[in-house]
Amino acid sequence: MAVFLSRLHHVSLHVSNAEKIANDLVSKFKFDLFAARLTDKSKQFAFRKGAAVFVVNERPSKSSQGNNSLGCLYDLSPLHPVDTVNNVCFEVEDVQRSFKVLRDLGCNFLVPPTTVEDVNGPVTYSVVKSIVGNVCHTLIEKTNYEGVFLPGFDVIEKDWSLGEEDMSCPVTHFDHITYACPRKTTYQVMGWYEKVFGFQRFFIDSNEDVDEGFVINQEGIGLRLTAMEYWKCSKAGIALPFAGKKEPDCKFVIAESLPEQGRNQVDTFLEQHRAPGIQHIGLYTKNIVFTAHTMAEAGVQFSSPPPAYYTQLGKQQEIEEAGHSPQMLAQHGILLDTDLHQDPLSQRASSESKRHLLQVFTKPIFAENTFFLELIERRGATGFGEGNIKALWQSVQAYMENERVDHLPRQRLTMASAF
Ligand SMILES: O=C(O)C(=O)Cc1ccc(O)cc1
Ligand SMILES: [Fe+2]
């Protein structure tokens, strides 16, 4: 039996300069710094935007490594050579029980169940290694904890005079997390998440092949995508689908590169990150145009698709029919896909049954061409559209091939791919 997850709690980053990323998250991406843990051996900052929480950990310098007990709480300081996003932390009902179940399934634990306490009560956590590169999962049990975040963190009060909800940037939660994986590992990864956390496959597109996944192997794109989802659990630890109420949480997408079309962004990630791992995270927004505009004004850079995207046959009309202006979308490189969902009762696709998906990728946020963020607005569409995937892929390729190349140290570019 798998361990059922109550919900995604936070995602943690390990970086060489926490202040730099902290500044970007606050000033550019409009997250609020709401908790911090500063000790001689560690710097940990927690940021929130709606239900999306990032914890930024400063990687210790080489000389202070080795003693993790005083270092990162709820995580461990990875000996990773570059900035990385590598821990997706989940809340569970019972960490001790989860630990036993997962140990019996053969999982490797980096931190055994450990309890931390403050005046607000106890929290128990444990860290399990995944089979994807440096990705690990902290399991947290905080049912008896009444504090704002986690014991050990000082809470930073928000200045409520600034307004409760930022309507110009309505990001509400993490929509999906995309892994860059080596060739031919997709099914192993899916099998692990199914066995360990009860994740289930879902089809990205109606053209997807059960065995092959969603494959694009043409026009310079060599990509295999597959996706999985899980459901938030009810209090009793019962997965909601069985209780009749389905409430999916963050989705997981696996991206694998196909060799036929030449070296690409997944290969670049694997090479520069020096391991498989989290390539990007989709931030769900209620209004992508406002959000992209606010973030761009604050200095966020987005990857744009080729200009021809907005002038291709029928695209302008499609954008206008969805209630958007092609100029506004083009300004920040926002893409729009339409899913012609057929209403089973009417036998034809009516305008009400058209579902839209709007997406845009940011440029990488670390020094290397590795991790980036995505904004995603879903208007009825639950998967990922083929048109957007192609255009998103091309926007990243164009950036990597034309702009970024000169800024990178020479040896990184010539280093042979490890995969
Ligand atoms: O469409 C999405 O949001 C995806 O996550 C698909 C995807 C995955 C990896 C890429 O390098 C480009 C696109
Ligand atoms: Fe994505």
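All residue numbers here begin at 1 and follow the chain in the order shown.
In case you wondered, yes, glycine gets a Cβ from its N, Cα and C as well.
Heads up, TrEMBL stuff is auto-annotated, nobody curated it.
For the Fe cation site, TrEMBL gives His176, His280; the one candidate out of Glu91, Glu368, Glu374 that the record lists there too is Glu374.
Between the candidate binding-site residues, His176, His280, the densest Cβ environment within 10 Å is the one around His280. Using the Cβ center of His176, His280, Glu374 for Fe cation, the list of other same-chain residues with Cβ within 8 Å runs, in sequence order, Asp175, Ile177, Thr178, Val253, Gln279, Ile281, Gly282, Leu283, Phe361, Leu373, Ile376.
The average pLDDT computed over the domain 'VOC' (173-348) stands at 90.
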